[in-house]
Structures are given as C-alpha cells and as structure tokens.
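One structure below.
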C-alpha cells in the first residue's frame, strides 16, 4: 500500500471507467514510469514508444494492456493488476487517464504526460465510442465493483436516443468537468468535455518544471517520431542513438500499430471493442472542421480562453511549435 502518500493529499476522480483510489494498492518502485493523458490524446502511442525503449525492440512479453495496464480502470480486479505489476522484473510503465493532481507523486517515478489538440481528441473519442461495446463494459464493471459503488445505468431519457455529432460536440464544448474533481462515482455522458481535457492538461502545466515530469505532444510525434523517441529516451535515462531511435520508431507508426492491434490496442483481452483495428482509426488532425460551423469555431475560442491560460492553449493545440513547455 502507498501509506506514504495518503489519499487526502490527492484529488479523487471516480467514474464508470476509472477510480484513482486503486493507486493505493500499488507499491511504487524506483524507476517506475507513469504515462498520463486525456482520452484519445496519444497515450497508447506513448506506451508503444516506451515499450520499444524498455524492451529495446518491438517484441512484447504479452498484450500491451497487460504489460502496461490502465491501473485505475475498474473492469479488472485491482488485486490481479497489482500482482501482475509486482511480478514484473523489467522497468515498469503504467497507464492512467487520471489528472496529475489525482496521482501519487513520487520523486523516484517519471511522469510522462501527453497532450493533443482537444478538437482532434474529441473527434477520435466520437469514433471510439461507436467502436466500444458498452454492455460488455458494464458487465466487466459490475463484476469488479461492489454493488453500493456501481454506476447506475444512464437516465431512461438517454436510452435509445441517438445523438448527432453536432449535439455531442456542443455538449463537449459547453460542459463542465465530468465528474467534478473530488466527488463520488458519476455516470459520464457522451464523449466527455473540453473542460475535462484542459483541466487535466492544466494539472500538468503547473507542474511541468518538476524534474521528473515531462510533456510530449501528439503533433510533435507526427512531425518527428524518431526525434521524439530519442527525447523520450533521454528523459527516461535510457541509452539510444539517433540511428537506433529511427530504427525503433518504424514500429510505432500508425500502420505498424494497426497491423498488431491485438497486441497494441488497449483491453484487447477484455472484448470491449467491436474491432481492435478500428482503435487505430486514422490518427490524423483537422477532422474536427467538418463538425464546426464558423459560429461554433468562434465559440470554441471564447470557451478555451475561459478555461486555460494562453501559453497552455498554445502548447495544447500545436505542441512545442506553439509553445515550448521548457519556458
């Protein structure tokens, strides 16, 4: 147990998908790597990059989501997840979508935090929701979570109501944090919210100068994957030459990951996807433009300036080209 870091020092985040109280069951080790990002912001991509460095090659000892589990996800018994991690002899790397203020902050651990243009993350989440078997998710959730802590089904009015992308994006843009930090289990609606994304990135931004916190961005991966892999190696203290980084990066392209989707996509052993390959849909940028009218685009810029400071917004939308977090 993490008795040195009581939960009172952290914000509670609990939903159908995740419960950050589960972190208290894991004893962290010197050298552990925790990868944190909002949904559909490049977390799986970063896991793959870290795996290439930890194992010095493309081969994995098991499915990536078993080797590098989403520890707070509520569909696997925490005892099983912790037992798997405790048995690992290699350097451990663990996935989370919990904001940094909800995690155990340990000087011995490296925190790799990833961002993406929130609009692109929302589009990707829209397609992922269509690929997810929600009934299977609920069955797995109810098999693990005690009855008194389970999420109630969605309100009856929401059942059977097919929402248009326009409706989804309007709610995404205007909605608050879901769930608000610090409250109990909450039913999440739709594809999350813009406020969720910028809140999570904000918890990283104010801690970005800590020596064991490093920021990476989806746009920077797209621009120079080998260069970002080399930078990641340096952050983690793993020896790698530029030529070796270039060789390894070929195994982390979208096509390469899609070709091994049963190994690389998350939760492939849990049966929650209609298609593992569709998890790696396109990986592009700018698809949000088909869902935004000029008025919605203007509203978006008004909204983001309510939610975050200019330097964070520049990085969140463009990576280091927009603003270097080292500043």
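Including glycine, each Cβ sits where the backbone N, Cα and C put it.
Taken straight from Swiss-Prot:
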type	residues	note
ACT_SITE	97	active site, proton acceptor
BINDING	40-45, 116-124	3'-phosphoadenylyl sulfate binding site
> Roughly how many Å separate the Cα of residue 116 (3'-phosphoadenylyl sulfate binding site) from that of residue 97 (active site, proton acceptor), to the nearest whole number?
Replying inline: 13
> Tell me, how many other CB atoms lie within 10 A of the CB of residue 40 (3'-phosphoadenylyl sulfate binding site), whichever protein chain they belong to?
Replying inline: 26
>> Measuring Cα to Cα, how many Å separate residue 124 (3'-phosphoadenylyl sulfate binding site) from residue 97 (active site, proton acceptor)?
In response: 15
> For residue 122 (3'-phosphoadenylyl sulfate binding site) and residue 97 (active site, proton acceptor), what Cα-Cα distance in Å is obtained after rounding to a whole number?
Replying inline: 15
> Counting Cβ atoms within 10 Å across all protein chains shown, which of the binding-site residues 42, 118 comes out on top?
Replying inline: 118
> Tell me, by DSSP, whether residue 40 (3'-phosphoadenylyl sulfate binding site) is helix, strand or coil?
Replying inline: coil
> On a count of neighbouring CB atoms within 10 A, which of the recorded positions 97, 116 is highest?
Replying inline: 116
>> If I take the alpha carbons of residue 40 (3'-phosphoadenylyl sulfate binding site) and the residue listed as 'active site, proton acceptor', what is the distance between them in whole Å?
In response: 10
>> Distance check, please: Cα of residue 44 (3'-phosphoadenylyl sulfate binding site) against Cα of the residue listed as 'active site, proton acceptor', rounded to an integer number of angstrom.
In response: 11
